[in-house]
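A.B. asks: Let me begin by handing over the structure; questions about it come next.
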Amino acid sequence: MADQLTEDQISEFKEAFSLFDKDGDGCITTKELGTVMRSLGQNPTEAELQDMINEVDADGNGTIDFPEFLNLMARKMKDTDSEEELKEAFRVFDKDQNGFISAAELRHVMTNLGEKLTDEEVDEMIREADVDGDGQINYEEFVKVMMAK
């Protein structure tokens with residue numbers, strides 16, 4: 001499954017993996033998964049976190065390593081039921097629920113994920129996605145960016 005990913009995708013997933021793997025030991029624990037999900041405004045129970053880990057934990061050691069993470073991401077990308085997931089992700093970014101992601105909202109989410117971005121980097125991300133040039137990202141623009149990945 002993961003062998004169908006491009007070099008770019010793999011390096012992006014490596015970056016995402018390291019956001020979860022807070023202590024850098026190469027494994028994502030339920031605690032680390034919980035930290036990231038809570039920073040995104042979710043509130044999973046310990047049992048839900050354990051279920052999520054178990055779902056992808058191929059070797060049964062109770063954590064997710066990078067190959068397992070890659071398989072999960074490859075499966076998610078193939079999953080055509082991504083419309084609902086995209087809406088959910090958009091809502092995470094769109095803090096005030098006005099239908100747009102502003103630079104401030106983007107910065108807020110990225111900071112919560114542990115990504116310290118300069119104003120220039122945030123503006124650049126907005127510009128890349130902002131097709132109609134209004135300085136923010138609407139849902140259609142968000143979908144385009146997410147599907148291009």
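Any Cβ shown, glycine's included, is placed from N, Cα and C.
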A.B. asks: Can you match one of Glu85, Glu105 to the Ca(2+) 3 site that Swiss-Prot gives for Asp94, Asp96, Asn98?
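C.D. replies: Between Glu85, Glu105, Swiss-Prot records just one in the Ca(2+) 3 site with Asp94, Asp96, Asn98, namely Glu105.
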A.B. asks: Please give the sequence-distant neighbours of the domain 'EF-hand 4' (117-149): residues at least 6 beyond its ends with Cβ less than 8 Å from one of its Cβ atoms.
C.D. replies: 9, 12, 86-87, 89-90, 93, 99-103, 106-107, 110-111
A.B. asks: Within 8 Å of the centroid of the Cβ atoms of Asp21, Asp23, Asp25, Cys27, Glu32, which other residues of that chain place their own Cβ, given that this set defines the recorded Ca(2+) 1 site?
C.D. replies: Phe20, Lys22, Gly24, Gly26, Ile28, Thr29, Thr63
A.B. asks: Where does Asn61 (Ca(2+) 2 binding site) sit by DSSP, helix, strand or coil?
C.D. replies: coil
A.B. asks: Rank aside, I only need the closest one: which of the binding-site residues Asp21, Asp23, Asp94, Glu105, Asp130 has its C-alpha nearest to that of Glu68 (Ca(2+) 2 binding site)?
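C.D. replies: So, of the listed binding-site residues, the one sitting closest to Glu68 (Ca(2+) 2 binding site) is Asp21.
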A.B. asks: So among Asp23, Cys27, Lys116, Asp130, Asp132, all listed as recorded positions, which is physically nearest to Asp96 (Ca(2+) 3 binding site)? Use the C-alpha atoms.
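C.D. replies: Nearest by Cα distance to Asp96 (Ca(2+) 3 binding site): Asp130.
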